[in-house]
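Q: Pasting a structure below so you can have a look.
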Amino acid sequence: MPKTNRAQPGRLSSRFWRLLGASTEKNRSRSLTLVTDSSEYDDEAAGLTDEQLRKAAGLLNLEDLAESEDIPQFLAIAREAAERATGLRPFDVQLLGALRMLAGDVIEMATGEGKTLAGAIAAAGYALAGRHVHVVTINDYLARRDAEWMGPLIEAMGLTVGWITAESSSEERRAAYGCDVTYASVNEIGFDVLRDQLVTDVADLVSPNPDVALIDEADSVLVDEALVPLVLAGTTHRETPRLEIIKLVGELEAGTDYDTDADSRNVHLTDVGARKVEKALGGIDLYSEEHVGTTLTEVNVALHAHVLLQRDVHYIVRDDAVHLINASRGRIAQLQRWPDGLQAAVEAKEGIETTETGEVLDTITVQALINRYATVCGMTGTALAAGEQLRQFYKLGVSPIPPNKPNIREDEADRVYITAAAKNDAIVEHIIEVHETGQPVLVGTRDVAESEELHERLLRRGVPAVVLNAKNDAEEAQVIAEAGKFGVVTVSTQMAGRGTDIRLGGSDEADHDRVAELGGLHVVGTGRHHTERLDNQLRGRAGRQGDPGSSVFFSSWEDDVVAANLDRNKLPMETDPETGDGRIVSPKAAGLLDHAQRVAEGRMLDVHANTWRYNQLIAQQRAIIVDRRNTLLRTATAREELAELAPKRYRELAEEIPEERLETICRHIMLYHLDRGWADHLAYLADIRESIHLRALGRQNPLDEFHRLAVDAFASLAADAIEAAQQTFETANVLEDEPGLDLSKLARPTSTWTYMVNDNPLSDDTLSTLSLPGVFR
């Protein structure tokens, strides 16, 4: 059984760091020196009273964090404050991590090394320098937990701290954002930014100007969810996709009426299927100019929902509703939905009443949201593997932080099998073998269906396993906390951002030594993910803080990452005839898996870059609208412009309406038409994005065409909004019972709501190519 100890980030060469977007050895060495120097002030800090410690923190000169001579004193004060407030005395490596975040890096710290404490110290450092800090988490639970946990430390240094969740009121949000340090999920920060684009009075604004974003699970937020659009919608009447098409597609036969590609990421009608659909819809021509951008798109979207999106893999059904599963986190993607047609098609497929999304009033991607901040830094257990994306899209460096104690986890080379069935049998036998020793086992699966199937098999074999997936994620913290207990077998979907350490011997570590003697936590992966980062997040659950641990991944030539990225005809098929278990004996197997994973990562980077090019223009246009809106909201520009455009009408109204009231009326009119124009523009962009890839048929570059159409449409937006505002100003009736104008026709949505759009449900660029395959007949 060959075992390999994976290289730790701290041992990588400087050249390798730079290739991965890591910060230079020189910068890291300076930070190490500052940490060492801070120990000279430890005794002095320990001798201060709580009040003196608070005052000492306030006297620090940290305005220029890169050059401040007070950094060692700050670290000593932070170490002492942490111990008093939380009972945790930071290790040198945690102070090093905090310093690298204060330098604007994303740090890589292994699971269990204390990222949360390092992040709180960095947040305090920025706040003491006069900055406003948003600690960005991946969910509400972690935002509240970390704020309550680390709040006493931040307050011990004379600073204020607040937190925001989905339940927070506008007043609570405003108060939390007013604190020096604010903990909130990326969703809630984004939704507040969007909702602020509807206010017509400065006093109603909630979200402040962005300053510092310190991001927990930075690779998950900045890479995995970078292109997820956050959406603000309002009530309106919109037609849902035709149910007759959804029903018709459900009756088509695989292999005859439609085909899928090798990795089941694209589906298209065959000639036979196209003719069947055309006949059922009254003899239309799907590929005519009349139907190619409408009916054909509806058919392809319905086909996508029926064939490619699988229940308990891509979504679950709970309480008569479809809930998307976040593949990178293994849990329900709260508030997420697919684009309108696809969401309705999946709901119809499951026999659920289709939900209304309303009209999109504003939208922003997570990437655009984060890029608003003047300073971005963060922390995660797997930053180096995301270094290229962090550098390319955010200009961020990565600092690997060595563990406090050497990592002694043993990682076995992959066990590779010819078929998935042989692999699954081997996984069950392996878990039973390890379980019989009492060593705790954590099994990481790739989706809900796989986790439940494996769980059932283990129960049938007498193994009392517990399962954690999107269906029971409310039990998450308790299940994970006990996963290191003697004899426990835990089957879980993706481990990213679980937020709870697995301690040997259970949450109270009562059996720590007994479990350690058995080898610590044993991690089993049921297959490679499409990115090494997710594999490493699972591996990293074992061997925390110098504890023993081990890991092994089981793979097969039928796994998705292999089928999509390697030529099956070139794969070694030699097995051991004596065992007859279907396990590949070729030493090349593990290397081929690595290659398949690198190809998959390259494809995902291409998708990210391509989608970013589309979103970048929208983000630029949105920034222009936001700037114009802020000007109208905060100044007298609306009144001045309407007075210039309609001087006669303005003079007439000025004689009847007080100046302050007239200014408010002008502002409401201008803001309404600007918001109306932006919403219409977003709807137009969504429409052209749906069919833009058809431009390739005319040998046009889809991206260039999208940019041309979007720029042309945007060019007239501001002028049209001003013209519409002028018309309203000149024609609105004067109210009889009070000074003012009748603006009842400028009705805003009676209700609004927010959600996220999963634009790439298969982690591929499938949606943008839905209309292409069936076009070539």
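Please read every residue number as a count from 1 along the shown chain.
Even glycines carry a Cβ here, placed using N, Cα and C.
Not my notes, these are from Swiss-Prot:
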BINDING   Q94, G112, E113, G114, K115, T116, D501  ATP binding site
Q: If you count the other Cβ atoms within 10 Å of each Cβ, which of the binding-site residues E113, D501 comes out on top?
A: E113
Q: Taking the recorded ATP site as Q94, G112, E113, G114, K115, T116, D501, identify the other residues of that chain whose CB atom sits within 8 Å of the mean position of the site's CB atoms, giving them in sequence order.
A: M109, T111, L117, A118
Q: Are there any residues in the same chain, six or more apart in sequence, whose C-beta is under 8 angstroms from the C-beta of T116 (ATP binding site), and if so which?
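A: Correct list: D146, W149, M150, D216.
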Q: Among Q94, G114, the binding-site residues in question, whose Cβ has the most other Cβ atoms within 10 Å in this structure?
A: Q94
Q: What is the number of other Cβ atoms found within 10 Å of the Cβ of G112 (ATP binding site)?
A: 20
Q: Please work out the number of neighbouring Cβ atoms within 10 Å of the Cβ of K115 (ATP binding site), leaving out its own Cβ.
A: 24
Q: Where the record says Q94, G112, E113, G114, K115, T116, D501 bind ATP, what is the longest distance in Å from one Cα to another among those residues?
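A: If we measure all Cα pairs in Q94, G112, E113, G114, K115, T116, D501, the largest is 16 Å.
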